[in-house]
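Undergrad: I have a structure I would like to understand better, so I am pasting it below and will then ask my questions one at a time.
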Amino acid sequence: MADTVKQQDLYVYELLPELLTSLEVVVFDECVSEVTDGARPEQIASDRKPPSSKEDAMRCTACDLQISSANFVRDHYKSDFHKYNLKRKLNQLAPVSLEEFDRLTENDDIESISGSEAESEDDEKPGAGSALRRTRLDAVMEEELGKISPSVEISASRPTHLNTRSPLIYFNSKYLPEGSVFGVHKCLFSATGVEDPLGSMREWQKATQGERVSALFMMGGGHFAAAIVSHQRIDISGNAKRHGESLQEQAVHFLEHKTFHRYTTRRKQGGSQSVMDNAKGKANSAGSTLRRYNEAALRNDVQDLLKKWRPYLERCEHIFIRAKNVADRSVFFTENTPLTKVDPRIRTFPFTTRRPTTNELRRAWCEITYLKRTLKPKPITSERQYLPKATNDSTANKASVVRELSPAAKHTQELLSFVRKSKAPQLIAYIKKHNLSPNLTLEPSEEYLQTPTLLHYASNNGLKNMVLILLSNLKCDPTLTNHLGRTAWDLTKRKDVKQAFQIARHNLGEGFTNWEDSHIGVPLSREEVTEINTKEVEAANKEREKAVEEELQEARERQKQALEAKRGPGKILVPQLSENARNLNSLTDEQRRRLMREQRARAAEARMGLGK
């Protein structure tokens, strides 16, 4: 039966008459269980109309109390009696009368919720604010909530179609199988129209859709997309489905659309440059400067577009805005833009959207304006539990299970905390204050089999500074071993930690202990360690430079071979020397002059002979 309704027929502004007639609003209670005899939307709308008389307007619904005069209204709303009943209403409890409230608060030590009592000297003490928040009335409320049995039926709020715990309003229809419903997004309805969704949808069908428009805006990560969409769809009869675009998206009619992109977010940074400046301070780099400029330029582009579209925005029925953060959202609401934060037409997209593009705007508009086939919400089966002290009780149970620490274990926790944080002064002071041995065994011993002493622990965790402090200042014994017979020196593989052991051996001298049993290497002074490290760094640098040079040379050779393979070895373009020139080059200057004279003489004789 559901196949008789096509997706194209589910456009909320152009519903088929028979489909619209078949829709029936689904009413739920607070546990999302369907209620057949619940309050109809028309009844709820009438119930929420403003009071018809002045007497009704001067009645406190929280306290179920008729207020006698206008002068008493403000005093009543400030009173503890009213605030106590408000708390009861939030917990879905019936209000108490003034006599019952007086009986509950008959003790003299009750503090005022409103803080109307005169301030005492204790109010100025630290923590007085938090103590005031924990009032006697809060305790009374918790006691009453604790007395309520989970099996007791609690007076629930009025069943309504808005108790869906989702952004949709659900409708039953004969065109759907059992257990399925149609869903319409609540954001399409006005504040009054949502009370009677079927009536609003009937009004939509009567209106001229070609004259109705809405605005869509998306902004985030330097991307911006906007469109003015008409509620009248484009006729796509005969259109084929395109790749990545449904027929519904093809039918979307954008009167205007525009996209911008500016480089405002560094890759993998996760926020615009202004956000990073506020969080970490203003960076001074070419990239950050460019991003700041682009951010300001994007803001100006968006505001100029809003000014240009002012005639459309004044006609819009809805204005949907998706902004990644507060800074992006503030771009739409300035003195230079036609939008304000309190505009009742402004909505947010009630689902996750992707990168702002024109195609994403089409997809979002189709997501909002088409009926959704979905399963009927399942009721919440678990009963509401009133356990105001559940967290405190669970914490108390956990605390009771915690094993009581021995004095040695407490000392171990404190000492290891100082060692891990490299707080040498606090460590020394704690040991002296409690008269502890630097070689004490860490407790519980089964947890510290590998590192039974502070020196073992520091060595195993690579804390070179603490190793030096424990040996040089606290005179820890380096010959002590763990259950495997390993000394503190044996537990580290790091060179800097081993050098700390060697420096301590130099500082303490050879007579301090039997250094052979500690396995510590030869003693070294700080100067010697610095010199060794410097030489190693220089050697490593030279080795690295040599490797780089060899790599460059190999690269040049490979490049040369590649060129020769492509173009051939080539030839040297040198002019060929004549035999006479080669002979002249082998003569001395005197021989060359004599030869030149002979050549000139022969030439002259030849000319004279020709003349005869």
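Even glycines carry a Cβ here, placed using N, Cα and C.
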Undergrad: Give the range, chosen from 90-123, 328-361, 532-565, that TrEMBL lists as coiled coil.
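TA: In TrEMBL, the coiled coil feature sits at 532-565.
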Undergrad: Which sequence-distant residues neighbour the coiled coil (532-565)? Criterion: at least 6 residues beyond either end, Cβ under 8 Å.
TA: 524
Undergrad: Mean pLDDT across the domain 'VLRF1' (210-371), rounded to an integer, is what?
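TA: Across the residues of the domain 'VLRF1' (210-371) the model's pLDDT averages 88 on the 0 to 100 scale.
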Undergrad: Can you tell me how many other Cβ atoms are located within 10 Å of the Cβ belonging to Q273 (active site)?
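TA: There are 24 of them.
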